[in-house]
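Record features, source Swiss-Prot:
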- CYS439, CYS445, CYS485, CYS489: [4Fe-4S] cluster binding site (BINDING)
- CYS489: siroheme binding site (BINDING)
Amino acid sequence: MSELIDVKTILSGTELGPLADNERLKRESKHLRGTIVEDLQDRITGGFTKDNFQLIRFHGMYQQDDRDIRAERAKQKLEPLHNVMLRARMPGGIITPKQWLAIDKFAEEHTSYGSLRLTTRQTFQFHGVLKPNIKLMHQTLNSIGIDSIATAGDVNRNVLCTTNPVESELHQEAYEWAKKISEHLLPKTRAYAEIWLDGEKLETTDEEPILGSNYLPRKFKTTVVIPPQNDVDVHANDLNFIAIADNGKLVGFNVLVGGGLAMTHGDTATYPRKADDFGFVPLKKTLEVAAAVVTTQRDWGNRSNRKNAKTKYTLDRVGSDVFKAEVEKRAGVQFEESRPYELTERGDRIGWVEGIDGKHHLALFIENGRLLDYPGKPLKTGVAEIAKVHQGDFRMTANQNLIVAGVPSEQKDHIEQIARAHGLIDDTHSEQRKNSMACVAFPTCPLAMAEAERFLPEFVTEIEGVLKKHNLPEEDNIIFRVTGCPNGCGRAMLAEIGLVGKAPGRYNFHLGGNRSGTRVPKMYKENITDRQILTEIDHLVGRWAIERNENEGFGDFTIRAGIVDEVKVSKRDFHA
């Protein structure tokens, strides 16, 4: 017990240093209200000022600008073209055709880019929404039963759930838990409704029994996972519930805590980290455990240094066993030994699959998740046309793809015809392309150091050429991911080849992840150009083609061959 008291003393005292300014901001925000309403009325600037720049994140938005034209606007003595990106809250990524048509219409009429972006957080984003349209955006979403509460900021964000329409009953159970967890951990403040939906201003204390008056030290991510699929990448998340079934019925979850991929260039105290397995809990204790993990991180997390504020660093600082014991105490539960499970795949099953209920599901590969009408490939229009006739729902995936789910047999041919006519089914897409992914990066992300989404398609074509040069069959491909900065949205730190942006045209080159997403890769080359990277890939793939063991993946080969050392304990090994 004294150890726990000591931990609390350290974490609530001054030993970690003075509080970060974000803590003042949250404390003074009037429960996330700030002066956002006043900023909305200010037409002199297209942006949000002072603290509101940060506070709008708790409402699901980031202030951005078009970096392609930033310098030109500066020459003309104009401020950057400020706009916001909104990320919707959609636990499990399920959206109805009616909802889809509404967001498609808004993107077309009220965003600068006219696109919808599916993201690794299993939801959609609007990019390029100007200040006069922000309130309309929230009201449009509210009218169709969607919001963006807590999809950014120091809160529990959009809860992911394995997209597995084949095992329909189990998926439905898991999805319902994803929704319950999301609702349970949401902020209780009425600020969102008051500001965006003209909700009645109530005299209320806005008590936050789980998140607390200062909310969490840093962002917090949660998943619900149905083995053997790991499409949500459990080790990228703070809290994971691994579904354990008995005779097809969900009986409980194995709980994994403390994953996360973000780091800071040049700071060896930051690193990607896998989640720790705490053990099994029955269904009835799920919400208590979720709240206990969140409140322990709330109370023990580092509020002095935001670079070390995530759950993964709390576990490494206080000890995983100490953190686990506190969760047990708060939840009133004893973790049982984890039930057996295996994660073997994480790609989406592109094409048609039939569920156990006889319904059909069409997974569409959407490169980098960008739905736009390209010349000869009107992808965005194609999905809208499907939505006009589809009787089931759509499921966004954490791989940035889209599943047309619940298609009856008699409608299958018609849906496929629409998809093919609009380029949504393209038989020329290689398995390598389907297993490659990038975050948004330029021109909209203010944190991007290098290109990602715009860089990936042509670079994948070059990787395809390398694989062909070394006579590798289609099924022998590489999990390849690019992220424009070390914050990790593209989940490159769980790839067999992961590129992390360092500067325009330059990346840190990581090797050694595996196909199932259960190993963190290690830096192989630092700050090199894309041409140098391609040369290295050519050499490494050449070796893999000749020297590999039977069925040995590229990432496994790089470890066995000693090209990079395996990262077993991130704090010790990642920077070693």
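Each Cβ is built from the backbone N, Cα and C atoms, and glycine gets one as well.
In terms of local Cβ density within 10 Å, CYS439 ranks first among the binding-site residues CYS439, CYS485, CYS489. Taking a C-beta cut-off of under 8 angstroms and a sequence separation of 6 or more, CYS445 ([4Fe-4S] cluster binding site) has the following same-chain neighbours: GLN64, CYS439, GLY484, CYS485. Same-chain residues with CB within 8 A of the center of the CYS439, CYS445, CYS485, CYS489 CB atoms, the [4Fe-4S] cluster site residues themselves not counted, are VAL440, ALA441, LEU447, ALA448, ALA452, THR483, GLY484, ASN487, GLY488, GLY490, GLY501.
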